[in-house]
Amino acid sequence: GKTSCGFVRKMTSSAARAAAIRHVTVIGGGLMGAGIAQVAAATGHTVVLVDTSEDILKKSATGIEGSLTRIAKKKFADKPEAGQEFVQKVLKNISTSTDAASAVRTTDLVVEAIVENLKTKQELFSALDKVAPDRTIFVSNTSSLPIADIASSTARLDRFGGLHFFNPVPMMKLVEVIKTSQTSQETFDTLVDFSKALGKHPVLCKDTPGFIVNRLLVPYLMEAIRLHERGHGSKEDIDMAMKLGAGYPMGPFELLDYVGLDTSKFIMDGWNEMEPENPLFAPSPLLNKLVAEGKFGKKTGEGFYKHK
């Protein structure tokens, strides 16, 4: 008899691409990695969360459960049982491991969210490149390092891109999808579809410093510090002015304290090294002084402001 193959309609290409990523390996159990793992698991993906120690992974798992419980309380306000069921169902999709190499052997996507150090990232990807399947796509969640520099440690330049999520990942809708000059169109399209499958809004970025958000945001934060350094406005007035005059939810000094002064300085220093002649990337003596004094913002109890 006739085969029915001809009648099986091809899946639409975007559905096929979204289905191409079922198993996700997230490397790095910090705030970002745990958030990415949580969102992937909540949208039906099988997730392995990898870090170097069981202790870190225990903390990650506790954080994920807490976050899911808060979401469930809102989502299932009048049905606590359904909420509990939701939390358990999502947690079932996540397993943890301290062995990155074995975790990536059958994975569709590797998302790296470890420390912002180029050499450390290159060493990780170089090792994983040797054991992951050819089809596996690699991405970094870096906010300030060039994706091409990280990818250069691997032999899959066409299957390497950036997926930059925002903190807190479960709440923030944006994902910057970064396409290097070597990233294939198919890889890029798959990453866009994966972002949509997570319920996020993807934007296309080139592999340039800070992509879109940080390229505009960090220089703005630095300009606020410089304005204050010149004696042209108090921290409180600048914060109030940007909140009431530009509709920003936080003023620049509040945001710097929230993000971490050490993090902001680290990003700026890196860009200043890349483009020393760019005045937007110039260092700030006041920022350097606060960081040298260990005043990193909220996390240390003091930055531009004191925190309880």
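Here the Cβ of each residue, glycine as well, is placed from N, Cα and C on the backbone.
Look at TrEMBL and you will find 23-208 tagged as domain '3-hydroxyacyl-CoA dehydrogenase NAD binding'. The annotation NAD(+) binding site is assigned in TrEMBL to Gly28, Gly29, Gly30, Leu31, Met32, Gly33, Asp51, Glu116, Lys121, Ser143, Asn167, Lys299. The CoA binding site feature in TrEMBL is assigned to Ser67, Lys74, Ser143. The site 'Important for catalytic activity' annotation in TrEMBL covers His164. Annotation source TrEMBL lists domain '3-hydroxyacyl-CoA dehydrogenase C-terminal' at 210-306.
Close to Ser143 (CoA binding site), meaning Cα to Cα within 10 A, are the following recorded positions out of Met32, Lys121, His164, Asn167: His164. Every protein chain considered, the tally of other Cβ atoms within 10 Å of the Cβ of Ser143 (CoA binding site) stands at 21.
Cα to Cα, Asn167 (NAD(+) binding site) and Ser67 (CoA binding site) are separated by 13 Å. A Cα-Cα distance of 13 Å separates Ser67 (CoA binding site) from Met32 (NAD(+) binding site). Every protein chain shown contributes to the tally, and the Cβ of Gly30 (NAD(+) binding site) ends up with 16 other Cβ atoms within 10 Å. Farthest C-alpha pair in the CoA-binding residues Ser67, Lys74, Ser143: 30 Å apart.
Within 10 Å of the Cβ of Lys74 (CoA binding site) there are 8 other Cβ atoms, across all protein chains. Comparing Gly30 (NAD(+) binding site) with His164 (site 'Important for catalytic activity'), their Cα atoms are 15 Å apart once rounded. The binding-site residues under consideration are Ser67, Asn167. Their Cβ neighbour counts within 10 Å are lowest for Asn167.
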